[in-house]
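Visitor: Next up is a structure, given as structure tokens.
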Protein chains: 2
Amino acid sequence: MKLTISRNELNEAVQHVSKAVAARTTIPILSGIKIDAVEHGVTLTASDTDISIQSFIPTEMQDRRIVTVHRGGSVVLPAKFFVEIIRKLPNEEVLLEVGERFQTSITSGAIDIQLVGLDPEEFPILPILEEDRVFSISGDQLKSMIRQTVFAVTTNESTPILTGVLWSLQDGVFKFVATDRHRLATCSIRSDVGEELKFSNVVISGKTLGELSKIIPDQDELVDIVVADNQVLFKLGNVLFYTRMLDGTFPDTTRIIPTSFRTELILSTKALSEAIDRAYLLSREEKTNIVRLSTTESGGIEISSSSSELGRVQEQLTVTELKGDPLRIAFNSKYMLDVLKVVDSEKLFIGFTGAMSPIIIKPEQEDSLHLILPYRTTN
Amino acid sequence: MKLTISRNELNEAVQHVSKAVAARTTIPILSGIKIDAVEHGVTLTASDTDISIQSFIPTEMQDRRIVTVHRGGSVVLPAKFFVEIIRKLPNEEVLLEVGERFQTSITSGAIDIQLVGLDPEEFPILPILEEDRVFSISGDQLKSMIRQTVFAVTTNESTPILTGVLWSLQDGVFKFVATDRHRLATCSIRSDVGEELKFSNVVISGKTLGELSKIIPDQDELVDIVVADNQVLFKLGNVLFYTRMLDGTFPDTTRIIPTSFRTELILSTKALSEAIDRAYLLSREEKTNIVRLSTTESGGIEISSSSSELGRVQEQLTVTELKGDPLRIAFNSKYMLDVLKVVDSEKLFIGFTGAMSPIIIKPEQEDSLHLILPYRTTN
């Protein structure tokens, strides 16, 4: 293998695939990045066997020469060092040449690097997926749906299925659900795929979705999603992102979401967020994060928290609308703040069905819905 | 105590003194901030007994009313919560009132906070220093001198005196020295104090200087420095910063700095810094951080490093000037990068007296000097 390549494009591709390099592995080949050079371009691949990322660099882009392949071939280079040195090369052009026993030289200006390469034959082969269930969604929408839900997955490995986000596509509605049994986040959009395309119980690790989110470009481009038997593939321009689905059955959560309420509230997202943040400061010291919300006689609400050691915080909030029964409820303020952080709309709806029943939070004009279980307190 | 105070000024003062609050302490009063209100203003104080910071808020600033003291008095409030809640209050004005048993209410708009206060009589009393050794230096110069030297203190608590920076004032020259026995950093400026004002062996903890640096304002104001028996006081406008000196005698380092060289080099700070950074990437994997510098036959230098597992990096650099004997020397690249990070001048001088002798680095037009001991390697 011998090729000349533009540093900027090489660097971008290397940064993308680096997210799939196994951080701690006993299999040396997985700590590397595979480079394949053929006549029409260079492909970089990294895989920790759960996720795999592949980035293709074509020989030309917008009439500009990016890669010249003098001799085709493959090699695996140690990722950690390779990723950083490519980022720190000052010159525009890099010459890569693989010699005997995968010894690789990287030359750029007055810099000469000799790297011990590994045999590309040992590198895992990416699966070939059946492409009969494929649909497209805008990158911005996908990022937003991930952001609206991923914070609610559990970090507790004893229920592995809940470390993931449930995806389903039914009657043209594409939906995400995440829950850690104390709270639940859902988000859905209407997709323009035909009704014959559907799937359910596709569960993708929250951590993986976090990584995917980072490499979805900021420009609003379409992402193609291929749903195969136990893998999902995302096509983002020249980047392919493969992930395994999580094994197991995601619990049915549809029945725990109340549809009618005894107390309904519409208020400013920012005002509520700031008030709960202040009450949280005190509740945090108690390690419980418990904050109370009560309706007041004047038709507003009061947010409060108390600590036996420090004292208490109490704050009156005016609301846009308050309907139904008077209420006094306690909840984990951290969970509420997590929700308020992802709500982009100026106002939101909160529905209650009593002090012991789920709290429902719905942003105005957004297709997301959040549920938080209250604390059962006696005072 | 009862007072109305502008939130912004209160917040600024609270943030300043918070840096002296004891982070982990078994003495509850030290985790608090003391507030004293008298007719002409409010004083905040925090102390972890090693450093103490006091900030005074006058009743008026530039004809604007800042504080109205309705009733004088004192209280100590729990710092961690107080610091954050003051930062997060939305309103312009805050009412503070101390009731029975130091119960304190903080009111701002619709927010009502009740805090358990502590008895101010239990709070440590700040020392009264003899002000016969006082001099002034610009805040920018003081910050720069701290930055040029503080990174070279040791983090090894077995030699406590070397965790500090040595200060001396002799013949009108104000000088800092820091060393961890492997490297040394010095910086000095000519001060306009009279020659009769002098001191030596004033050693101030590197960590304390880091905190001091943070509260020196960015505007180029004068800092008054009071050097007393075992304390140093810094006066920064309305803020007083007290610190204890470290006990012990700082080693004499004057004799280890060579004054004549066998090889002399002048080159671009940026080019050297980037080349060593690349070589460091590889040496880091070997955990040694060893990088080599050699003069080349073409009158330049070569920077290189190698790792038995990964390979090697080798880079040619042109220099502005190279005088004296050919040289091949190895050093800890992390130490060199630490120096290069604080050098602001475009070019620098490096002097060598052989492969086993100290390396001297001097920025152009700066009164600082850095020394690094080389590694004794056989190859």
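Note that Cβ sites are derived from N, Cα and C of the backbone, with glycine treated the same way.
The domain 'DNA polymerase III beta sliding clamp N-terminal' annotation in TrEMBL covers A:1-127. The feature domain 'DNA polymerase III beta sliding clamp central' is assigned by TrEMBL to A:137-252. According to TrEMBL, the domain 'DNA polymerase III beta sliding clamp C-terminal' annotation covers A:255-375.
Tell me about the setting of these features in this model.
Guide: Here the domain 'DNA polymerase III beta sliding clamp N-terminal' (A:1-127) has, by DSSP, the following mix of helix, strand and coil residues: 31 helix, 61 strand, 35 coil.
Mean pLDDT, taken over the domain 'DNA polymerase III beta sliding clamp central' (A:137-252), works out to 94 on the 0 to 100 scale.
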Visitor: Using DSSP, tally how many residues of the domain 'DNA polymerase III beta sliding clamp central' (A:137-252) sit in helix, strand and coil.
Guide: 28 helix, 49 strand, 39 coil
Visitor: Based on DSSP, tally up the residues of the domain 'DNA polymerase III beta sliding clamp C-terminal' (A:255-375) by helix, strand and coil.
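Guide: Breakdown, helix to coil: 29 helix, 52 strand, 40 coil.
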